[in-house]
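Novice: This is the feature table in TrEMBL:
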| type | residues | note |
| --- | --- | --- |
| BINDING | Asn351, Gln365, Tyr406 | substrate binding site |
| COMPBIAS | 686-696 | compositional bias 'Basic and acidic residues' |
| COMPBIAS | 725-745 | compositional bias 'Polar residues' |
| COMPBIAS | 794-804 | compositional bias 'Basic and acidic residues' |
| COMPBIAS | 812-843 | compositional bias 'Basic and acidic residues' |
| COMPBIAS | 857-866 | compositional bias 'Polar residues' |
| DOMAIN | 183-308 | domain 'PARG helical' |
| DOMAIN | 317-520 | domain 'PARG catalytic Macro' |
| REGION | 1-58 | region 'Disordered' |
| REGION | 586-623 | region 'Disordered' |
| REGION | 674-703 | region 'Disordered' |
| REGION | 719-745 | region 'Disordered' |
| REGION | 759-880 | region 'Disordered' |
Amino acid sequence: MSSDIKNQWPGDDDTMDVDDPPHAEPMNVDEESEVSPLNQRISEDGPKQSVATGKGVPLSDLQRTCGRWGPPPRPFVIPSPNHSVLFKLPWKAGEAPVAYPPTPCDRWDQEHVRMPHSSESLYPVQETEDEKGLRLRWELVQEALLRSISNSHQLETAILSFNSRYNERWNFRALHSLFNDVLDKEETDIFFKEVLPSMVILALQLPELVTGPIPLLRKHKSHSLTLSQIQIGSLLANAFFCTFPRRNSTKRGSEYSSYPDINFNRLFQSGDSSDSNSIVEKLKCVLNYFRRICSTETAPTGTVTFSRRYIPTGSLPDWSKSTKPLPKLHIRSSGCIEDEGAGMLQVDFANKFIGGGVLGWGCVQEEIRFVICPELIVSRLFTECLDATEALLMIGCERFNQYSGYGHSFEWVSDYTDETPLDSAGRRHCSIVAMDALCFSNSSSQYSIPNLVREVNKAYVGFCEPEDHTSNTLAPVATGNWGCGAFRGDPHLKALLQLLAAGEAGRALVYFTFGDEKLRDRIFAMYQFLIDNNVTVGKLWGLLNRFSKTFSSSSSSTTELYEFLYSSAVEDFNCQEASFVSCKQKGLTEKPKPKPTSSGASSSKTPSKSNTGRGTLKTELTPEDVDQLIEEFDSDAEDCAGTVEAKPRKRVEPAHGSSSSCLDLLEESVLKNSVSKQKSLPIDTAEAKPRKRNESVHGSSSSCLDLIEESLLKDSVSKSLSVDNQLRNRTPAKTNVHVSLAGTSSGFAEVGKLKMFGSATKSTESEQEESISNISSGKKAESKVENSLSSSSPEEKAESKREQTVLSNLQEKTDSDREEVVLSPPERKKESESEEIVVRDSQKLNVPVEEAKSDGVRSSQKSRSNAPKRKISDYFSPMS
């Protein structure tokens, strides 16, 4: 054979220099070149380079994390009930793997591939003019392929001899066009004299090369299958000759209706002129693959793993609760996934029938990937169509072809030598995940919440690593406009959904916009905005849900999505920042919680566990809520009367935590005066054992509180009934607090557990001083009641004087190290109700009603007469 003819089939020396940097875009062949279509070479200057157009984290930084070729591919090749390995282990470099098991085992059932050489594979034949019989299909295949085949028409006759029922339905126009119109005579002769005979031998060696049953990768079952490259070559050779039984029918209800087709008969057909061109170019890729693997010098010795991954719905993430950060991002308008994405987890924009139209007229991202790496086509033999939470991971495939163009402009360029290193099991460090996007007849429907959930879950299934790992050992994801071509997906939305999935899976993201610089800039600007504002996976998911509820019913454009996210996020951030700055000026250390979406619904008596931050917004109480709380206070006071030890009351707290500086001060003061000393039953202070003080649910400082508590625990009885009534009826315009007493005749053993109801907001210093001054005025009223009781001992008088000194010191300390609060007064109760309270309490403690009225009620009324009249809604208005 002359060197000129030999060079028309590119050999090992007819490849791209692996030291050359990867090309940024598919190479365009020089139009003036007169080289044969099967001998189009890369120019001497190397592949065309484009200016670096990436944004975000540099690729070198991402590759530095886990190495140039990424971590060892997973799953590892270890035989198990969930991983079928059809060659003998361990794999040895440079040696062709030996088939396993050593004794052939055939399974003719619905769980395994029905092999053409099976003894159960029978085919009807016409034995005589009147009689039909059954023969082994494999015998018919051997007879047909071992005949001399020197042109495409003889090849057609051989294939139809064991597929006779399709004589009138199959056409081979594309195959005939390739050999008669595209390739010259010398190239055609090389194929039929050298390549085709080797393909026949490889196909007929199937019983010796594949001795074990091939399991079907069925729906809702995670399973892996590892084959050697030579086993895959034999299976694909049989697919080329259309030998697989029961795989030609696509009718609904047929045995393999939920599987893609595997026989190559559709690839041999052609439609209009544009379809014929792409099919012919795909045939060139396939023929070059067979030329390579049938040569004894270039026969492959590696292995490939196909792993179906299924995650039940209940095991998927709760996206709204995720606190994980968004992943690192590198986005570029140039380059392609298979080149710049080397060593990464490369996304196949798949059809749910794996491979899509690779054996038909399709010629877009998935089909192109399958024909430049033809070993991927064998996955169609055993992979059932993918369901909503399933993906197919393909590890170790080798690339055989260089190409240019896309769709109708797709062209085979040259042979390609893949220098990707192998792992310990013989697999190349090339991982491809096939995940199918939804196809939308109405593009606006993709923004609905069910479709958002489906797409983000699908991406997560493809990106996640079910085995134990750390985020530093996971390779980045190389992806792009997934489902955005004929499926009518919005690339702006799909980029965000893949960011969510990658962030949750712990992988960085490398995004290719395939020449669209404007799309690159828009996506990166949105990503940078989200990162600058500390948006997590859960927060971004919440924003997308808000967009869905607002716009999914209307025909929204791609621009509206990002405009909505910008405006919504800015509003949320501005609201939180304004509240944070306001709180920070008052000495708060924590950022306020976001404002609740529904108002007026938090009249609960128990504080929300999730809202324990300080300085947060305040709950609004209706007048009915206030009246109910006062009634509960009265009933509890009656129940607690006469008890020796006060039982702790629950405080009705706002759903969002309030400041506790002045509240705690007033609370302790009230506790000090909440129990009257009875003449007939003195209480020994030594017997009142204090319990451990509960920590504040709002996390406030307790330095001042501990000082008051220490003083109060030593004083086991209060000084007067009038203080009790005064605090009950005093206008809160001056004290600015509602007090809930546990009882009027109990001790101080529960002093640390008594609580108040109401919310705290900010106040001026004058209001706070007025509030504390009212406490002092309450102490003046004590002296009147002390005259009606038995005279106190000198020790009690000294203790009372010391407590007044402590309160005076607290007043000075509060301005410097405690939050300022303002609490508005409740609506003034009717005069008759106040008198009833005084009468009832005076009866409990055996104190004359007139004395209680003169000391308590009149002083409370006098202070209340100076208070401005306000609406009850003003008392509990939220903090701005």
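A Cβ is built for glycine as well, from the same backbone N, Cα and C atoms used for every other residue.
These numbers come from a predicted model, not from an experiment.
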Novice: Hey, what's the widest CA-to-CA gap across Asn351, Gln365, Tyr406, the substrate contacts in the record, in Å?
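Specialist: Roughly 17 Å, rounded to the nearest whole number.
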Novice: At a 10 Å cut-off from the C-beta of Asn351 (substrate binding site), count the other C-beta atoms across all protein chains.
Specialist: 21
Novice: So how many other Cβ atoms are close to Tyr406 (substrate binding site), meaning within 10 Å of its Cβ?
Specialist: 18
Novice: To what whole number does the mean pLDDT across the domain 'PARG catalytic Macro' (317-520) round?
Specialist: 95
Novice: Count the other Cβ atoms sitting within 10 Å of the Cβ of Gln365 (substrate binding site), across every protein chain shown.
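Specialist: Excluding its own Cβ, Gln365 (substrate binding site) sees 23 Cβ atoms within 10 Å.
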